[in-house]
């Protein structure tokens with residue numbers, strides 16, 4: 001792959017902002033060694049050997065001192081000459097050193113530019129580059145382990161295996177088109193259809209695994225809603241395992257939206273407690289209800305909590321407040337305070353909806369609710385689950401659509417040229433995942449979300 005940046009040398013602080021014992025500045029590019037040598041006024045240490053050096057300012061005064069590490073191309077993270085300067089971690093000295101590197105010929109790295117260069121130089125594919133950011137942003141050990149698997153190539157290997165099958169299929173189709181004089185009709189003999197169906201099944205298998213990886217990365221947005229004093233905040237506290245929300249007997253205690261990031265059975269959850277739904281003249285409470293409706297509209301799953309003691313019909317409440325805002329499949333009915341009614345905590349069906357009775361205060365039925373939430377998400381990660389993103393699933397969905405088109409053209413019309421075109425589009429869509437086929441704006445969007453020093 002052509003490296004558009006091969007003539008420039010970039011520099012950036014690679015450690016998080018703030019004070020610390022050590023601060024790392026990274027250089028990458030053809031002049032990295034030359035710039036580092038001018039900064040230290042001494043020969044650089046051997047490749048991959050740590051060397052202690054002083055860092056000098058323009059007037060010859062010492063700015064700082066620390067460790068220098070050199071990684072010659074192509075055996076470096078970016079595939080270029082790379083130098084890492086490990087000095088003291090104060091922001092003042094780090095910025096001063098960075099400014100000195102700019103004086104010596106380096107330019108400021110853009111967000112994700114080190115990883116972009118690694119991708120362009122064939123050191124990693126797009127999935128592995130994204131996995132670096134996902135590993136840094138991981139919110140659970142399971143997500144971190146899955147990101148490491150993607151970084152090590154688990155996801156890429158699966159995609160490349162399917163791509164090889166797809167290319168093999170395209171070769172058969174192209175041969176059938178290019179050699180029509182052959183006595184055997186390769187399009188109609190069943191072999192190409194069998195190969196096509198095998199590719200479809202392979203994509204489906206990767207999709208299933210990728211969906212688990214996407215859930216690990218992006219989690220589930222779960223909103224708790226209901227009438228005042230139904231026990232919404234108690235339920236949030238029970239699920240979160242801490243007293244995060246204020247709980248009183250006074251209706252309308254929660255007037256704003258409260259977010260809590262938790263993990264349920266390993267699934268990252270953003271749990272949202274909302275203001276009680278009721279008619280009110282209170283301006284502040286009205287605003288809280290407006291925000292609650294907004295959260296409900298964006299929820300992956302709504303837990304509609306009602307008080308079993310009050311004899312409320314939860315579906316009537318749902319229709320009154322947000323029937324226009326939520327699909328039935330995203331709604332779960334939670335009958336709370338079963339300890340006061342003598343009912344057992346159980347899961348049942350209520351007019352086609354999942355219905356769960358709990359006691360949030362006594363934590364009766366809470367584990368059953370947790371299991372129901374993760375089951376609703378379809379979350380059941382395996383040991384080899386890899387991290388995945390929405391764009392990966394979108395690419396596989398388009399791949400399946402093109403494969404379905406190819407199957408239709410083959411089975412119904414026996415139209416070789418149209419089959420070939422659909423297969424080409426399928427390969428391009430699947431190739432977007434690893435970067436084998438990528439538009440520049442896609443690359444810019446992906447790497448632009450990275451931190452500067454990556």
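Here, residue 1 is simply the first one shown, and the rest follow in order.
Glycine is treated like the rest: Cβ placed from N, Cα and C.
So that you can see what the record holds, here are the features copied from Swiss-Prot:
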- 26, 84, 123, 454: (6S)-5-formyl-5,6,7,8-tetrahydrofolate binding site (BINDING)
- 219-378: domain 'TrmE-type G' (DOMAIN)
- 229-234, 248-254, 273-276: GTP binding site (BINDING)
- 229, 248, 250, 253: K(+) binding site (BINDING)
- 233, 254: Mg(2+) binding site (BINDING)
Checklist entry - Taking just the CA atoms, what is the gap between residue 123 ((6S)-5-formyl-5,6,7,8-tetrahydrofolate binding site) and residue 233 (Mg(2+) binding site) in Å? => result 49
Next on the checklist: I want to verify one value. Collapsing DSSP to three states, which class is residue 229 (GTP binding site)?
Outcome noted: coil
Checklist entry - Counting all other Cβ atoms within 10 Å across every protein chain shown, which of the binding-site residues 229, 233 scores highest? => result 233
Next on the checklist: Name the residue among the binding-site residues 26, 123, 232 whose Cβ has the smallest number of other Cβ atoms within 10 Å.
Outcome noted: 123
Checklist entry - Pick from 84, 275: which of these binding-site residues has the biggest number of other Cβ atoms within 10 Å of its Cβ? => result 275
Checklist entry - How many Å separate the Cα atoms of residue 229 (GTP binding site) and residue 84 ((6S)-5-formyl-5,6,7,8-tetrahydrofolate binding site)? => result 58
Next on the checklist: To the nearest Å, how far is the Cα of residue 233 (Mg(2+) binding site) from the Cα of residue 26 ((6S)-5-formyl-5,6,7,8-tetrahydrofolate binding site)?
Outcome noted: 47
Item to check | Between residue 84 ((6S)-5-formyl-5,6,7,8-tetrahydrofolate binding site) and residue 232 (GTP binding site), the C-alpha gap once rounded to whole angstrom | outcome: 51
